């Protein structure tokens, strides 16, 4: 009851102060208020009558009506102030972070109350200021909100600890001369105040002892909100909250995991659809939504400086990379579309498809059955349409585009390094790498460390964890688990292959059935129908395995206990990418490099598990099937990704707004608005990178089979930028700001994929497409000098004598009897002495394929490395600016130290001269007295 009395005392004092226009939150009030808030359950039983009696006991019966009036007036003012306010009740102290929790009626509730009390007391000891909103003030009547404010002393202390750079002088380096062609890009630009919301400054690491050196115009706005929430989160993640089971427990993450707090987040500065009424609000969220997060702004440049200011460098560097990647995709998309048009315009000139469609050539060629016993003989011209469509992607332009993409990917990576170097300079990240290694120790690692050792560089003691036999055994099990999951992916791919082999016969018999509609038989071959259905099935399996493995990879990485945040992300990235690489690309590798290569020949087919006959390629080649596989998986992943990123968060937020829809907007506070949004977790950006890197693999590793892949990626990325910006601005809580000087390990992954893409595309052109066999025939085996490609189809098909079929291969019910049938291979006919062995043409084609791979790889690699050598990673003007800034910074710091030294010398001299003057005057007085 005493506790309740004190709480009502404070409420009364607060009301009286509000009515007098004074401050309501002194330090004493904050400490008492926050202590009381630890036991919210004690005040739940207060009825309106009890509250009124308490107030009347303190103020007297004569003031009851006045107090009630003040209470109502305060509630109205508070509701009005909380509408979009990001300040404490005094309207001065900014809310840097918000913690929320609910009462727990279970046995664990008392432990949670004790943890919160200890945690919040330690936060106050660290210098943070807290203010608690009772659950009665919340919209749902259940949630408490603890608002956290970092005063100037805390900010300056941790700004020095975190080595945060702050302005010391405006940048005097002149900008580049304006380009006369800039007027052409004016429609794509944003207003200058949006693109550059802050002046450009020379910066230096903050030091509390040199505060007069920095350009501090206002202590409340000197540190941006993103810097403030980064500092507060650093404190929250390391603040202890007690000892349990003999171990010291600390960190906000553990409190969130065990349910002590339900959420922790910094606030958005305003609503995204309208400006705040508070004149002190910058309305940066509203500006980002209007100028960046709407789809109809897709043709505009991105306000990267504003993104960095609001969300931090880590998110800013991601959107800078994504925007640059999309810009570079435009050139690849244009060239790929031109190659596709070349295939479309030359489709009717393709001699191979003409011969297949010709009733006198393709109509007279009888092909061997596509499956054992159930399938009948079929005519080659039944694949007319599929052979024509195959020419869209299997033509001379394919070779050119494969070489072009090998060079394009090098240009993209090299120019990105230059763009990244500019951002590092502009965003004060030049010296960030060392800071990142030293300052971002994971609290989970620190909690496990029981020993200290001297750092050989800093000569300071630092915590470390010594590996034990148990640790190595645990790691061995973890890596065995990784191999198990990769094996599971391979097993699922084999299952899809078995599906292809099992349904292939069914499709083949269905397509050959006379009752099958003609349009279906004309458009779909058994190979294509099998490939389409298997691709969809494979896509579903990919999504299911992704869902499972994401959680396994995170659990394995947590068990490894990496030392720093960077190390944690790198380990998780490698596990997830390795899995995604096998998961997404294994089916494409199978179609490109294995399907049809080990099928055997009639009478001597090869079988998987001695049961299912291996697949054969279409007479026009396997490239069209690889194109189908790539299109379905790539497009399906992009569509599903956009649904996950945009639709699902919107549905969850819509459901949350439905519950809050009964309350007027002015009763729904800023922290409650943000509380109902989705959480952009620490791995949110990781999944965005992973999605784009997987897409990068599709457009580089297999681009020779699908020149339109860059165009699809370009259209997706234009949408992706706006979807990511829209969901981040409107559907998610504001993420904690974090620094990053580059895209990290993803750069190395992109470099590795760029090198691998040269090899895969060379093999696709050589072994999957029909280009090399056609070129060999054109130059060495043509029969008609006037039309060198005529007769190519007949040359590429071998002859088999039907009487050589075994009973297991022979068709059960054949409508007609044929003495011979044809199959796709280069083998001697049955009447030759080397019956059914490979011809010399086969060996010539194989030699040409190997020579092509070696030549193409060497040419592209030489060009790649020459381009990489020619293009410096850091532009010369950026190097000059970095040197200029370092010089001026050192000069300013040197002059500052000199001035301080002069000032001290002057003070010491003045003091010495004054002392001498006093002594002299005393001497004169004594002399006068003597005289």
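Cβ atoms here come from the backbone N, Cα and C positions, even for glycine.
Owing to the predicted nature of the structure, the values given are computational and were not obtained by experimental measurement.
Taken from TrEMBL, the feature region 'Disordered' applies to 16-47.
Residues or ranges marked as domain 'Anoctamin dimerisation' in TrEMBL: 87-304.
Annotation comment: TrEMBL describes 307-885 as domain 'Anoctamin transmembrane'.
The annotation transmembrane segment is assigned in TrEMBL to 318-345 (among others). Below 8 angstroms of C-beta separation, residues 301-302, 304, 307, 391-398, 400-401, 404-405, 408, 411-412, 415-416, 419-420, 423, 685, 688-689, 692, 696, 699, 703, 707-711, 713-714, 717-718, 720-721, 724-725, 743 of the same chain, each at least six residues beyond the ends of the transmembrane segment (318-345), sit close to that stretch.
According to TrEMBL, the transmembrane segment annotation covers 396-416 (among others).
Annotated transmembrane segment per TrEMBL: 475-508 (among others), in sequence order. Residues 369-372, 374-375, 526-527, 529-531, 533-534, 537-538, 541, 545, 549, 552, 556, 559-560, 575, 578-579, 582-583, 586-587, 590, 608-609, 612-615 of the same chain lie 6+ residues outside the transmembrane segment (475-508) yet bring a C-beta within less than 8 angstroms of a C-beta in it.
Here TrEMBL flags 528-549 (among others) as transmembrane segment.
What TrEMBL records for 576-594 (among others) is transmembrane segment.
For the transmembrane segment (692-714), the residues of the chain that approach it from at least six positions outside its boundaries are 322, 325-326, 329-330, 332-333, 335-337, 339-340, 393, 397-399, 401-402, 405, 409, 577, 580-581, 584-585, 588, 592, 623, 626-627, 630-631, 633-635, 637-638, 720, 746, 749-750, 753-754, 756-757, 760-761, 764-765, 768-769, judged by C-beta separation under 8 angstroms. Here TrEMBL flags 692-714 (among others) as transmembrane segment.
Remote same-chain residues near the transmembrane segment (749-769) are listed as 394, 398-399, 402, 405-406, 409-410, 413, 573, 577, 591-593, 597, 621-623, 626, 693, 696-697, 700-705, 849-850, 852-853, 856-857, 860-861, 864 (criterion: CB distance under 8 Å, separation of at least six residues from the stretch ends). Taken from TrEMBL, the feature transmembrane segment applies to 749-769 (among others).
Among the features that TrEMBL reports, transmembrane segment is placed at 850-871 (among others).
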Discussion item. At a Cβ cut-off of 8 Å, and with pairs 6 or more apart in sequence only, do we get at least 3 pairs between the transmembrane segment (576-594) and the transmembrane segment (850-871), yes or no?
Written reply: no
